[in-house]
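This report concerns only the one structure given below.
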Amino acid sequence: MSHALSDGPAPSGALESVMTLEQFILDRRGRFPQSTGAFSRLLRDVSVAAKIINHNIRRAGILDVMGESGTVNVQDEKQKKLDEIADRELERALRRGGECCLVGSEEQADTISLSPRGDFQERFAVFFDPLDGSSNTDVNASVGTIFSVYTLPEGADEGDALDVALRPGAEQVAAGYVAYGSSTMFVFTTGNGVNGFTLDPGIGEFLLTHPDLQIPQAPAMYSINEADIEDFSPELRAFLQWLKTKDPDTGHRIRARYIGSFVSDFHRNLLTGGLYMYPATSDHPDGKLRLMYEANPMAFLVEQAGGRASTGHQRILDLQPEGLHERTPLFIGSAPLVKAAEAYLQGRGAEAVGGA
């Protein structure tokens, strides 16, 4: 494929050849653990929904879909109009595709069966946060979609589908996110590395722009809502102080950046190196991020990119989920910083990470 697909001449430094997301999936299908046509179509369905969601976000002000819808979700959070649109479009795309038997969404109280016959012959279950950081849409800031894919074992039926789908994140067969920002990126893993695709609006295709992503181990940034600092544990406060201390030998200081959209903060830290934190607090002892469709997919992805994800005491991907909307503390990003956070939270402090 060449620049003939794009509008106008290619700028200096542009990619000389590109691969679409669909071509990439077909080309590498033999390397995927679930290398079937149904699995490939499932990923295509998610990408189609992402394009529709992106279209609505880009035109939200014109279409009058900014602001709240007047309803609340199961989390007792006020829903944005775009929350409902994104949720609907993902469910529609997966229902039309016919490869998915079960979906679980942040916006729905319970899982939804997509199996038309109720026999669950379709083997994939998909969990998603349809529009992470949706409060940012009214101020034209970045938002995202997160998704997680599992296979259901033979013999699962509608009665026990959720029970058998609630499995540790280490058993995911695919996970990823879509970042809707200055450009729109689709980033995913199937357990064989991480690849990022940028949407070319001229041709309506996701093109491979970030192959074989690896998170830098030298951290550049940390992300946390420090407005909650009075609710943090003494160990976490000590860790934050350590993070802010300039390296006496190099003069390097880790900078703070926090957008308020998990996808956006994570995406930046994936590219630059860093740590995202949403800890347990006195008000939220179990944390706030949801395990099945926020922490698990991002943990699977970051480990494939050479990073680490933890509650501060346990690997995220080892957690056994107890419910669709279960919450967890999360420390995710460059492995050295996650390990440092674990050391502080476990009472080993500065000595374990080489001092402040």
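Glycine is no exception: its Cβ is also placed from the backbone N, Cα and C atoms.
In the structure as shown, the Cβ atom of GLU106 (Mg(2+) 1 binding site) sits within 10 Å of 25 other Cβ atoms. Residues or ranges marked as Mg(2+) 1 binding site in Swiss-Prot: GLU106, ASP129, LEU131.
The feature Mg(2+) 2 binding site is assigned by Swiss-Prot to ASP129, ASP132, GLU294, with sequence analysis given as support. All chains included, 27 other C-beta atoms sit within 10 angstroms of the C-beta of ASP132 (Mg(2+) 2 binding site).
What Swiss-Prot records for ASP132, GLY133, SER134, SER135, ASN225, TYR258, LYS288 is substrate binding site, and it gives sequence analysis as the kind of evidence. Just so you know, the Cβ of TYR258 (substrate binding site) picks up 16 other Cβ atoms within 10 Å once every protein chain is counted.
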Can you check which residues sit near GLU294 (Mg(2+) 2 binding site), meaning Cβ under 8 Å from its Cβ, same chain, 6 or more apart in sequence, and list them in order?
GLU106, ASP129, ASP132, ILE146, PHE262, LEU330
Give the helix, strand or coil assignment DSSP yields for TYR258 (substrate binding site).
coil
Just to verify a number: CA distance, TYR258 (substrate binding site) to LEU131 (Mg(2+) 1 binding site), in angstrom, no decimals.
18
Cβ neighbour count (within 10 Å, all chains shown) around GLY133 (substrate binding site):
20
